[in-house]
Amino acid sequence: MSIVPAYISRSVAGSYDNEGIAIFCMLITYYLWIKSVKTGSMFWASITALAYFYMVSSWGGYVFLINLIPLHVLALMIMQKFDSKIYIAYTTFYSIGTLLSMQIAFVGDLPSFTSEHMGALGVFGLCQIVNFIKYLNGTFSRKNVLYLFKISIAIFSVLCIVLISYLMATHRIAPWVGRFYSFIDPSYARNNIPIIASVSEHQPTAWASFFFDLQFMLFAFPAGIFIYFKKLNKLNVFLIIYAVTTIYFTGVMIRLMLVLAPIMCIVSSASISGVLSNFSKFSSKKESPSYFHQIKMNLLVSSTVGFLLIYYSFHCIWIASVAYSNPSIILSAKMPDSSLYIIDDYREAYNWLKHNTPEDSKVLAWWDYGYQITQMANRTVLVDNNTWNNTQIALVGQVFALPEKKAYKILSKMDVNYILVVFGGSIGYGSDDINKFYWIVKIAGSIPEGKNLHEHDYFGNGLRIDKHASKAMKESVIYKTSYHRFTQKNTVKDQPPGFDRVRNQVAQDVKLELLEEAYTTKHWIIRIFKVKKDES
């Protein structure tokens, strides 16, 4: 698992993130949970709760864990495999784990009123009912217990429905956050919360990405699941639930490829182990004519599996070196002679900001670059990668989408000194702000102040930046700051000046009134504009 690309993307040096720790915490919690279920020990259940506490402190994705374990318990109840060991394990784990998690600052009292935690609480209550019914079975006659059970379930169901309806109506139980709604309805975020849908990590996963990050495990996985279904014990039920849920969630959101990677490794290992164990046995005696044929077949299968494992290792190393070991702020390109050409515009721009602007300057840029500007330029930004303040991000989007004079009012109100835009038209860098502009407009129009901003006003004819571009597009701040002086620049030998190498169109000449160019990097990737002071 240590070399699987899906995990290496978060654990490689230079890209080490919270998830690098969290995946270990998640797996150790699952391991201890299974041990608790097998032993029925309060000690191991308490250790599981401590591991869960570690997981909660490291990553907000702990919500997946605290729903998967209750789902496992519920499945065992339905399969009539629920016993005292599971009761002790879950009751102890949930009680201690929830209390410990509430000591984490960003969690607080969320487990007591948010919808994401209600499933775990409901299963906890169900455990008490099932265990109480089992106690009654040993004390009273089956007929009386069945009668009491029906009445209890009816009363409990009515009370739960009334209580939950009341709590949700009075907002005592918070509804699911947008990301969780997206798992149930993948189109929810796109239609209702564009800030979530705009993040590349929140996009649906392409089939190629599964092979890119998991390689041949993608094909070994179904056989492993089949092996687990043949023997439905408590452990295998957990692994099946873990596998099926993560496969679905990963299809909805590519970021969860990271959560899928561990179970892919586990299930695929069962498949490989099954193949090797079956083909390492000899059913024929040495004297039998089929003995040597069997040796050949065993060697062929073993060699094939060995080749796939070696190829998998090479694939992982190659992906780690090519895809996940390049810093995001330093770009590179291959030259005709195969040498590496370094494009260092990001650091150049941040260095200029740090040494050529007042320390109290405020920089307006799209949220993607917030952390970088704060850390590398040591300047204040209006929005950053946290994306918790949707209103502020929408206001920044309005500045980019509105004409210069209207945007200037917002800039003055927010006391902005500089605007930073990323523009790739000069060298063919596709991850620039113009290519993100669809989402910028959509997010800008998601609050009441931006109700007059509509995507069709900007993209009625598609993404046009040439003479066929819409009036709203050509008057927008993002267009003017991106293409200011660009029509004086030759980018391609056989094309007129101002040819955008990303959009393959010729940009139109623009003039700025309330903004002035402060700095443009060597390759024109970063452009910084100063907001003129209002002299009126």
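Cβ from N, Cα, C; glycine included.
TrEMBL lists 1-267 with the feature domain 'Oligosaccharyl transferase STT3 N-terminal'. According to TrEMBL, the domain 'STT3/PglB/AglB core' annotation covers 360-423. According to TrEMBL, the feature transmembrane segment maps to 15-33, 40-56, 86-106, 118-136, 148-169, 207-228, 235-254, 260-279, 299-324.
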The correct DSSP tally for the domain 'STT3/PglB/AglB core' (360-423) reads 33 helix, 11 strand, 20 coil
Check your understanding: Do the transmembrane segment (207-228) and the transmembrane segment (86-106) share at least 3 Cβ pairs closer than 8 Å, excluding pairs fewer than 6 residues apart in sequence?
Key -> no
Ranking 40-56, 86-106, 148-169, 260-279 by Cβ pairs under 8 Å to the transmembrane segment (299-324) puts first 260-279
Long-range CB partners for the transmembrane segment (40-56) (under 8 A, at least six residues beyond its ends), listed in sequence order, are 22, 25-26, 28-29, 32-33, 62, 65-66, 83-86, 88-93, 95-97, 100-101, 103-104, 107
Long-range Cβ contacts under 8 Å made by the transmembrane segment (86-106), restricted to residues 6 or more beyond its ends, are 33, 36-37, 40-42, 44-46, 48-50, 52-53, 56-57, 60, 62, 66, 69-70, 73, 76, 112, 117, 120, 123-124, 127-128, 130-131, 234
